[in-house]
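Visitor: Right, I'll just put the structure down here and ask away after.
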Amino acid sequence: MLREGDVVQLIDTKQRRYQIRLREGATYSFQKGMVSHDELIGREEGCYITSSMGERLLVVKPTMGEYILKMPRGAQVIYPKDIGAILVLADIFPGARVLEAGTGSGALTLALCRAVGDAGRVVSYERREDFLERARSNIVGFFGRMPDNLVLRNMDIYGGLHEQDTQFDRVVLDLPQPWRALDNVSRVLVGGGILVAYFPTVLQVFRLSRTLERHGLYLQDVVEVLVRGWHVAKKSLRPEHRMVAHTGFLVCARRLSP
Ligand code: SAH
């Protein structure tokens, strides 16, 4: 049942997606007319409604990936296609203790919190307070409250870690110069623990790969993720004409026992 405060997604006949947060008495206006929120509250997800201009709209809650693509950004977010790969490459499991930097807009943080579950813990570092506030509001917007398994730290990870951050199973870095964090993060990563770093240029891959060994880390994989959507219509079944050609590289390393 859809309730006040829920984020819902309206999908029109051209597959355009609109996200709105339900508020009693409110109206959503867009180029295909208007929709009253009251008409949606109390309805079951997966229903169709018709806008004031006769456009048929499918009503579903956004998935986490869809929410991420629409949420307000300070820093550029990691795309859902890369988030999926990061969760598997870093082998994020329920109960895992994960160290993340930087929080940015909180896209990856959302996914980490969900993957580690109630028994896990995510500690995320961000040096810019304004970005951290944006991330906090994106995270609360998705979960409805601040998750109990998340700690946000307004700190520069190159400068050192908080005294309580002593042991982690996984480290995930989305920073311009991840090699500068290696000294701090490798010390708190358990033997066999996994570090995954994400960045846009191959120069960063090169630099990081040269630095890992010095910090007791074994380079395991470097990958990129290409996703090609397909166009499916009555008389056409083909790849989409456009795709996202490049986002970033993923580097995966394992901590050697000291
Ligand atoms: N993964 C995030 C985006 C991170 S963008 C997401 O999916 O939303 C990179 C972030 O790292 C920026 O917000 C930047 O402010 C932060 N950052 C850069 N250097 C940092 C450092 N030394 N310590 C902490 N955060 C840092």
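Note that Cβ sites are derived from N, Cα and C of the backbone, with glycine treated the same way.
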Visitor: Kindly point out which candidate in Glu126, Glu163 is recorded by TrEMBL as part of the S-adenosyl-L-methionine site with Ser105, Gly106, Ala107, Leu108, Asp156, Asp174.
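Guide: Checking Glu126, Glu163 against TrEMBL: the S-adenosyl-L-methionine site match is Glu126.
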Visitor: Of all the binding-site residues given, Glu126, Asp156, Asp174, which residue's CB has the most CB neighbours within 10 A?
Guide: Glu126
Visitor: What same-chain residues, at least 6 away in sequence, bring their CB to under 8 Å of the CB of Gly106 (S-adenosyl-L-methionine binding site)?
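Guide: Non-local contacts for Gly106 (S-adenosyl-L-methionine binding site): Met71, Ser124, Arg134, Ala135, Arg136, Asn138, Ile139.
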Visitor: Going by DSSP, give the three-state secondary structure for Glu126 (S-adenosyl-L-methionine binding site).
Guide: coil
